[in-house]
Each structure stands twice: as structure tokens, then as C-alpha cells.
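> Let me begin by handing over the structure; questions about it come next.
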Amino acid sequence: MTVGTTKDDDGGGKRHDPGEHDRREAGDRGNQHDPAPTAGGERGDRAPTEPGERADSAPTDRADRGDRGQTALASRPLEHFTARSLGGLAAVVAAGIAFGVLLALVRFRFGPLYDLDHGVAAAANRYVADHEGLLGIIQFVTGIGGPLKVWVVVLAVAVLLIRRRIRLAVFLVVSGLGALALDPTIKLLVGRLRPVVDVPVAHAPGNSFPSGHALGSFVVYGALLLVFLPAVHKRWRPVAIAVVATLVVLIGVSRIALGVHFVSDVLAGWLLGAAWLGVTLYAFRLWRREDGRRAPKITEGLEPEAADDLQPAPDERAVLHHPWAETAEVLVGWVLVLGALFGFGMYASYHADGTLLATLDTAVPRWFAEHRDPTLDGWSWWASKAGDTHTILAVSLVFCTLVLARWRQWRPILFLALVMVGELTLFLASAAAVDRPRPAVSHLDQNLPTSSFPSGHIAATLCLWTTISIIVLARTDRWWRWLPVVAAVVLPVIVTSGRFYRGMHHPSDLLGAMLLTGLWISLLYIVVKPNAEAVASHAGDDLQHQNRGVRRLARHPS
């Protein structure tokens, strides 16, 4: 095929494609179906102007006004979302007043509903009171719907803010705050008393209608499901939905089984939760439309394009390169550390008579016991609390969540988990093997299940904050990286002084905790290599963020 050259209007050469004529004819035939041209030229074209002629600016002005209107509208999405949510809250409060009318019928012993409420409450109480094992399970389930869900929301919001998903964080906050406001408001309006059962197995403050656990669990866990559903593979999304639905149902049923709510209370909580969650979901979808984004299906979650940011560690290929070999190394090392603890513990407990160590083990607890007063008693309780199981577990969970959100790596999480699990098992095994008595002074803590050597409080505090320092120092050069280091020095001192003051440990128990910490963390640092892929610079952090942005654009170019 021959390609020629023609002159354009500016006199420059332009390559000419003989097939261009055919394409123009095809385009002309297609334009025959368009509406008739207007005075401004073909549809969608501006009217041609002569030199010096002023074109009609009305379309441009209208377009500019439209653009300004859209910009102003898009600049207030948060205001729109909040306003709609508050409007929905008022509507749900009105629905709660309607439920109060239903409650009035119950107070007047209105037939089937009254019989159902009181009959189920009595039957459930009789059954649960006779099964202590079942009671423990029910209390655990009901605890998931209690204050725990507030901390879950706080952590989830922190993760979303770190991942820069502000819209989803706002959705969680507004949904959760609405549920917190609805529960006491409706209870105050209704004023229904809780069930009276023969054998009370649980107690709950406040009024009964609706169930705050049922309402809050529906809203919180439903909102969390909608937020994080895009990170779940399509094949497993029905399973995730079923799990959350089952959890919400079990929480509601647990309130009935414990005898603190009627059936109608739980049903009301679910209905109000569904109404409020529906309002916030609808407002969120409108918010997306105002920003020019499509409203996805419910089964896709709130923001399908956020899937990459919602996944824990999408870029990490392998946590351990040789898992079987490294597992064997950890197990062998655990046994060796236990042997070292046992050897030192037996020596310090039963074979150190006449040594400086034995003198200190006797003198230090006695000195603290002689200097007790009520004020220091309270302080020592809080000092010991900083190293107890609940505090250590809570700090570990929060730190792991934030590390995973910030650096998208499982390896440091595995490192911390192995450190804390190993510390606990080494402490329990060595305490049982050595079986050292507590100091021969009065004890402020009673009925402790373990012996004196080594100190579990001190060992847990040392292991936790030393591990956190190792992880953080290698991953950032910000000023706050030294805060865990300060905590790793100060908190063990505070916990140690509290344990000595309360007469619970000898100085050699502290040495045992230090021995456990040093050997165990050193072993895991060599085997797991928690900082093998750490990035400790602003440039590296920025590069990671840019790479994720490029990846998102490639997946969702629109």
C-alpha cells in the first residue's frame, strides 16, 4: 500500500493514509442517525467563529457554573454524610418511640408476646443454671458483644487511618456513635425492667428494651463486615457473611439465655441495628455518587477499589523461607533455654546458702515489707498491673494490629507472637520444675497459681517492650522510635519494684526473668530475622506508598 503526503493548512507535510477516506465515509454514514445539526454546528460542537467575532458564551458559562456546583458539592461530602446520618438517627429514635407503644401492650399483659417473653426467660434460666460449662461459653459469647466491640472499632479506625482510607474510617465512627446513642436513648424512653428469674446467673445495669448487645453487635460487626469485605476473596465472602450473621445471632441469644433480656428486647435491638446500619450505608453510597464513583453491590463491600489497602500484607511472599527447619531450631532452642532456667533456678533456690545472692533474696523483700503504707500499697498494685497477663495481651494485640497496618509485614508479628508464647510457656514450665516458695514476708497478693521463680510479670514486661523496640527501631527514623526503648527500661523497673514491695519475688527471680528474656529473644532474633525486610527511612516509606498507588491505578484506571 502506498502512503502519500499532503499539505496541511500551515504548509507542513502530513502523512496521508488512503484508508482514511473509507473511515470518514463510515463516520458520515453513522452520523446520519444523529439529530439534525443546530445553529451551533454538529451536536456537541461549538459554532464556528470568524476572526474578531465574539462567540456565544452561554454554554461555557453554564458549564463553568455546573463545574463550580459539582466542585462545591464534592467539597462537602463529609457534611452531607453526617447530615444524612443525623437525619437517619432521628428517624430511628422515632421508631424507638413506636416500639414503646408495643411495650405498653406488653405491660398490660397483651397475650402471646407477654407469654413468649416470660416463658422463654424462665425456661432458659432453668436450663442454663443447671449447666455451669454452658454458662461459661454463654458468658464468653456475650462478652464479644460488650465493651470489647468498642475497642475493635477503635483499632479498625486506626488501621483505616494508617492506610489512608478516611472515608471508611468515617463510616465506622458514625455508625458506632449512632449505635452508642440509640441504646440509652431508647431504653430511657421505654423504661422496661429486666426479667426476674428464679436463679440469676448474670446481672446487667439499666433498663431492658432494647438489648444494647444485640443492637451494638449488629451495627458494629455489620459495619466491619461491609468495610473489610473487599479484602476477602469472592469465594469466601458468603462464608464471612455467614460467620458475622451467626455471631450476631449468638450474641443476642446469649442475652436471653443469661436471663437479662426478653426475646422482644433482642428482636428490637436487631431491628434498630438493621435500621441504623441501613441509614448509614445508604448515606455512604450517596457520598460515593457525589464523588463520581459507582455504588457497588452489597456483596462487594463499601469500597471494592480499597481491596489492596484492606489486605493485611499483600506484598509479602513468605514469612519464613524454611519453615520446617526454623521450627525445629525454635523448639530445640526452647528446650535449651528451659534447661538454663532450671539450672539457675535450682541453684538460686536451694544451693546458694551463704552467698551474696542468698543474702539479697532475704534482705530485699524484708526491707520492702518494713516500709509499706496504704498509699504505696495502692501504687504497688498498679505497678504490678502493668505486667499482668491482661495488660501484656492487650498491648501485644494493639501493637501487632498497628504494625500490620503500617508496614504490611507478618514477620514482625510472628516474631512478637513467638516471643510472648515462648515466654509464657518457659515461665510456666520453669516455675513448675523449680517450685520455689515465695519470700518469707506477708504477701499482698493471695492465691497465686505459680511459684516464685522466675517472675512472670517481669519477664513478660521485658520480653514485650524489648521486642517492640527491636521491631520499631529498624523501621523508622522518627523521634518516637525511642519511646519503646524508654518503656523497655522504665516499665520493668516499675513492675519489679511493685512485685518486690508486695512480697511476691526475690531478687534472683528478677535475674531469672532477665535470663529468660535475653536467651529467648536472642534465639528468635537469629532464627526469625524480624528485620530482614525492614525499611527504616522516609524515602523507603514514601516509595512503598507510591508503589501501592501505582498498583491501585493499574487495577482501577477509572
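A Cβ is built for glycine as well, from the same backbone N, Cα and C atoms used for every other residue.
Unlike curated records, TrEMBL annotations are generated automatically.
Found this in TrEMBL, in case it helps:
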- 1-32: compositional bias 'Basic and acidic residues' (COMPBIAS)
- 1-74: region 'Disordered' (REGION)
- 42-68: compositional bias 'Basic and acidic residues' (COMPBIAS)
- 86-106: transmembrane segment (TRANSMEM)
- 137-161: transmembrane segment (TRANSMEM)
- 166-281: domain 'Phosphatidic acid phosphatase type 2/haloperoxidase' (DOMAIN)
- 168-190: transmembrane segment (TRANSMEM)
- 210-232: transmembrane segment (TRANSMEM)
- 239-261: transmembrane segment (TRANSMEM)
- 267-287: transmembrane segment (TRANSMEM)
- 330-350: transmembrane segment (TRANSMEM)
- 389-407: transmembrane segment (TRANSMEM)
- 413-525: domain 'Phosphatidic acid phosphatase type 2/haloperoxidase' (DOMAIN)
- 414-434: transmembrane segment (TRANSMEM)
- 454-473: transmembrane segment (TRANSMEM)
- 480-498: transmembrane segment (TRANSMEM)
- 510-528: transmembrane segment (TRANSMEM)
> Where DSSP helix means H, G or I and strand means E or B, what are the helix, strand and coil counts for the domain 'Phosphatidic acid phosphatase type 2/haloperoxidase' (166-281)?
88 helix, 0 strand, 28 coil
> For the transmembrane segment (454-473), which stretch among 168-190, 210-232, 330-350, 389-407, 414-434 has the most Cβ pairs under 8 A?
414-434
> I'd like the per-state residue tally for the domain 'Phosphatidic acid phosphatase type 2/haloperoxidase' (413-525) from DSSP, helix first, then strand, then coil.
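Going by DSSP assignments, the domain 'Phosphatidic acid phosphatase type 2/haloperoxidase' (413-525) contains 82 helix, 0 strand, 31 coil.
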> Who are the long-range neighbours of the transmembrane segment (480-498) in its own chain, taking Cβ under 8 Å and residues 6 or more past its ends?
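Answer is 379-384, 386-387, 455, 457-458, 461-462, 465-466, 468-469, 472-473, 505, 510.
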> At an 8 Å Cβ cut-off, counting only pairs 6 or more apart in sequence, do the transmembrane segment (168-190) and the transmembrane segment (267-287) clear the bar of 3 or more pairs?
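Contact between the transmembrane segment (168-190) and the transmembrane segment (267-287): present.
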> Quick one: do the transmembrane segment (267-287) and the transmembrane segment (210-232) reach 3+ CB pairs under 8 Å, ignoring pairs fewer than 6 apart in sequence?
yes
> Give the nonlocal contacts of the transmembrane segment (414-434) in its own chain as ranges (CB under 8 Å, at least six residues past its ends).
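Apart from its flanks, the transmembrane segment (414-434) reaches 319-320, 330, 334, 337-338, 341-342, 345-346, 349, 392, 396, 399-400, 403, 450-454, 456, 459-460, 463-464, 467-468, 470-471, 512, 516-517, 520-521, 524-525, 528, 530.
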> Residues sitting near the transmembrane segment (210-232): Cβ under 8 Å, six or more positions beyond its termini, same chain?
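Contacts with the transmembrane segment (210-232): 96, 99, 142, 144-146, 149, 152-153, 156, 160, 168, 171-172, 175-176, 178-180, 182-184, 186-187, 190, 240-241, 244, 247-248, 251-252, 254-255, 261, 265-274, 276-277, 280-281, 298-307, 310-312.
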